[in-house]
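Asks: Quick paste from Swiss-Prot:
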type: DOMAIN; residues: 3-222; note: domain 'Glutamine amidotransferase type-1'
type: ACT_SITE; residues: Cys86; note: active site, nucleophile
type: ACT_SITE; residues: His194; note: active site
type: ACT_SITE; residues: Glu196; note: active site
Amino acid sequence: MKAAVVVFPGSNCDRDLAVAFEQAGFDVSMVWHKDSELPEGVDIVGVPGGFSYGDYLRCGAIAAQSPICKAVVAHAERGGYALGVCNGFQILTETGVLPGALLRNAGLKYICKTVDLAVATSDSAFTQGYNAGDVIGVPIAHHDGNYYADDATVQMLKDQDRVAFTYVDNPNGSVADIAGILSENRRVLGMMPHPERAADEGHGGTDGVAMFRALSGLLTDA
């Protein structure tokens, strides 16, 4: 199994995401933002958290125009798997791979803490290691994590069972308490919380491990 983790100027969670993939059995390649192609045979692309390009213009807006993002979009359009975490989620919305946008937190402050997430669906490669309704503890660290989409889009996400996670106690004002969403084919997940920071007992918890193990098991059997 092969994973590629994209690195932008300002990324700061790329190594954490790579380690989480490696611990689940993936062979991981780090891919620079100026590269125009993903490594051959990549099963899943990780778009990590951080502050790509200093969050200028809008979070993820400049990164979405980078050469590697064209390859990431093409990978997703071919049915490839992708995981966008925090800034990675912002980037995936900016590229149009996922609907909606991430706005400034309702409280206008940066938030860094562990929050409770409710697993909204177990019907995806990313969430099949959980049961719908499970509550897991996962860190957040963002200033612009307030998910927004219009009413029709939110209803579509609900009707298609594409809301992956919701906040138990909404920290940032996200519409419908949404913390993470799936693409139409359910092979792309964008989420503001950091599952890679909940993958080591020594770092505060392991509730994110099931996600990476589930991906590993699915792609091994594929």
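Placement of Cβ uses the backbone N, Cα and C atoms for every residue, glycine included.
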Asks: Whole-number Å only: compute the distance from the Cα of His194 (active site) to the Cα of Cys86 (active site, nucleophile).
Replies: 7
Asks: Taking the Cβ of His194 (active site) as the centre, count every other Cβ atom within 10 Å, in any protein chain shown.
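Replies: Its Cβ has 24 other Cβ atoms within 10 Å.
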Asks: Please work out the mean pLDDT for the residues of the domain 'Glutamine amidotransferase type-1' (3-222).
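Replies: Mean per-residue confidence for the domain 'Glutamine amidotransferase type-1' (3-222): 96 out of 100.
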Asks: Three-state secondary structure of Glu196 (active site) from DSSP?
Replies: helix
Asks: In Å, rounded, how far does the Cα of Glu196 (active site) sit from the Cα of the residue listed as 'active site, nucleophile'?
Replies: 11
